[in-house]
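Below is one structure; the comments refer to it alone.
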Amino acid sequence: MSSYADDLGLAHMLADSADSISAERFRSLDLRVEHKPDMSHVTDADTAIEKALRSTLARARPRDGVVGEEFGEEHGSGGRRWVIDPIDGTANFVRGVPVWATLIALFEGSQPVVGVVSAPVVGRRWWAAKGTGAFAGRHRNRAQRIQVSGVRRLANASISYSSLPSWFEYDRGPQMVDLLRGAWRSRAYGDFYSYVLVAEGAVDVAMEPEVNLWDLAPLSVIVTEAGGTFTDLDGNPGPSGGSAIASNGLLHDAVREALRPTSNEW
């Protein structure tokens, strides 16, 4: 049994708790929506979920730290911390689009070792623990192991992204357009969904030029346990670099080369 079995079980319990809140508040007529300083949305469901998960973790893992999108970081007394995004895809949640999820990860030091992504309205959950593979299903007892694709050429690849204009903001716009034009297929699935599709082998590459840790933390371990590669744009492994490329591994170097800046800065 995995040394992280208990932690993975706890992560599933947290996801169950989050799902019960988010599913009830989705499309609710009295949903409260505010705007953060960066003009992104936050709802009463976001804050209620994060408060509930922090409360559970304080009881179940009192020595562990917690980082969440809505309430920042609480430092622990050990080298472990939980990273939470109560609702990834809040804009979808607010507009009544069902593609959103709660993201939960456990880090040991700088490495994510457990990840759970739960999308209750879609009816699907994805998870992984270090060294045990990646899985997906309606719930833990009805799941199948997932793995990345075997596509080897960009011309045959399906590529997903979140926002094309953001690549121009980071001086990679022309490179991104050329990459998409040279691929077999490109779609803006966006947010968590791009990355779990990579893990399932339905998409071959997903990427973002700027993204927060809580948006990526569980996705990194899920993609890598599914046999893929997860780095930032500079090739540093893991979800902490502020940008992301997730691939089946076979296409990773080619994607990084295609997105190389025209200047000498790399």
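Backbone N, Cα and C define each Cβ position, glycine as well.
Automatic prediction, not curation, is the source of TrEMBL annotations.
Keep in mind the model is a prediction, meaning the values are calculated, not measured.
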- Item | Binding-site annotation, TrEMBL, Mg(2+): partner of Glu69, Asp85, Ile87, Asp88 in Asp171, Asp178, Asp204, Asp215 | Asp215
- Message: According to DSSP, does Glu69 (Mg(2+) binding site) sit in a helix, a strand, or coil?
- Response: coil
- Message: With an 8 Å cut-off on Cβ distance to the Glu69, Asp85, Ile87, Asp88, Asp215 Cβ center, who else from the chain surrounds the Mg(2+) site?
- Response: Ile84, Pro86, Gly89, Thr90, Thr102, Leu103, Phe192, Asn212, Trp214
- For each of the binding-site residues (Glu69, Asp85, Asp88, Asp215), count the other CB atoms lying within 10 A of its CB, then report the residue with the highest count. Asp85
